[in-house]
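As structure tokens, the structure follows; a few thoughts come after it.
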Amino acid sequence: VLSSKDKANIKTAFGKIGGHAADYGAEALERMFLGFPTTKTYFPHFDLSHGSAQVKAHGKKVGDALTKAADHLDDLPSALSALSDLHAHKLRVDPVNFKLLSHCLLVTVAAHHPGDFTPAVHASLDKFLANVSTVLTSKYR
């Protein structure tokens, strides 16, 4: 459960992420593909090289989805319903991959905003990403 302080930290963080969400999403995907090569199996049709247009486009989707989620903290299931259906029924992504991408997103945000990435902000963003992951995997059952 996100506390009011968590929600404030998330809103502040996304205010600073702002127009960089697509770039950060792509960077996090690249980190994930490099650090956890098994995740590449879900993207056999992608050019996974650095700066790839396909990775950038998917990074934008990730960034847009997280921004939407941050704007709907009190109703993540509704905000992410279509995405949850897609990942559960069509793409069939192993739920562990959401944790891997979440880790890479945290590293990316910390790298770009080291002064703002306090332990409290880290904890709030981690809880937020865990909640997003839970919603995205809720329709697997």
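Here the Cβ of each residue, glycine as well, is placed from N, Cα and C on the backbone.
Note that the structure is a prediction, hence the values are computed from the model and not measured.
What Swiss-Prot records for this protein:
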BINDING   H58  O2 binding site
BINDING   H87  heme b binding site
DOMAIN    1-141  domain 'Globin'
MOD_RES   S3  phosphoserine
MOD_RES   K7  N6-succinyllysine
MOD_RES   K11  N6-succinyllysine
MOD_RES   K16  N6-succinyllysine
MOD_RES   K16  N6-acetyllysine
MOD_RES   Y24  phosphotyrosine
MOD_RES   S49  phosphoserine
MOD_RES   S102  phosphoserine
MOD_RES   T108  phosphothreonine
MOD_RES   S124  phosphoserine
MOD_RES   T134  phosphothreonine
MOD_RES   T137  phosphothreonine
Spatial neighbours of H87 (heme b binding site) that are distant in sequence (at least 6 apart) but have CB under 8 A: V93, L136, T137
Neighbouring modified residues, C-alpha within 10 angstroms of S124 (phosphoserine) - of S3, K7, K16, Y24: S3, K7
Neighbourhood of K11 (N6-succinyllysine), C-beta criterion under 8 angstroms, separation at least six: A70, L73
Neighbour tally for T137 (phosphothreonine), based on other Cβ positions within 10 Å of its Cβ: 19
H58 (O2 binding site) and S49 (phosphoserine), Cα-Cα, nearest whole angstrom: 13
T134 (phosphothreonine) to S102 (phosphoserine) - Cα separation in whole Å: 12
Residues near T108 (phosphothreonine) in space but at least six apart in sequence (CB under 8 A): Y24, E27, A28, R31
From modified residues S3, K7, K16, S102, the one whose Cα lies nearest H58 (O2 binding site): S102
Other C-beta atoms that fall within 10 angstroms of the C-beta of T134 (phosphothreonine): 15
Inter-residue Cα distance where the pair is S102 (phosphoserine) and S3 (phosphoserine), in Å: 20
Protein Cβ atoms within 10 Å of S49 (phosphoserine), excluding its own: 10
Chain-internal residues near S102 (phosphoserine), provided their CB is under 8 angstroms and they sit 6+ positions away: D126, L129, A130, V132, S133
S3 (phosphoserine), number of other Cβ atoms within 10 Å: 10
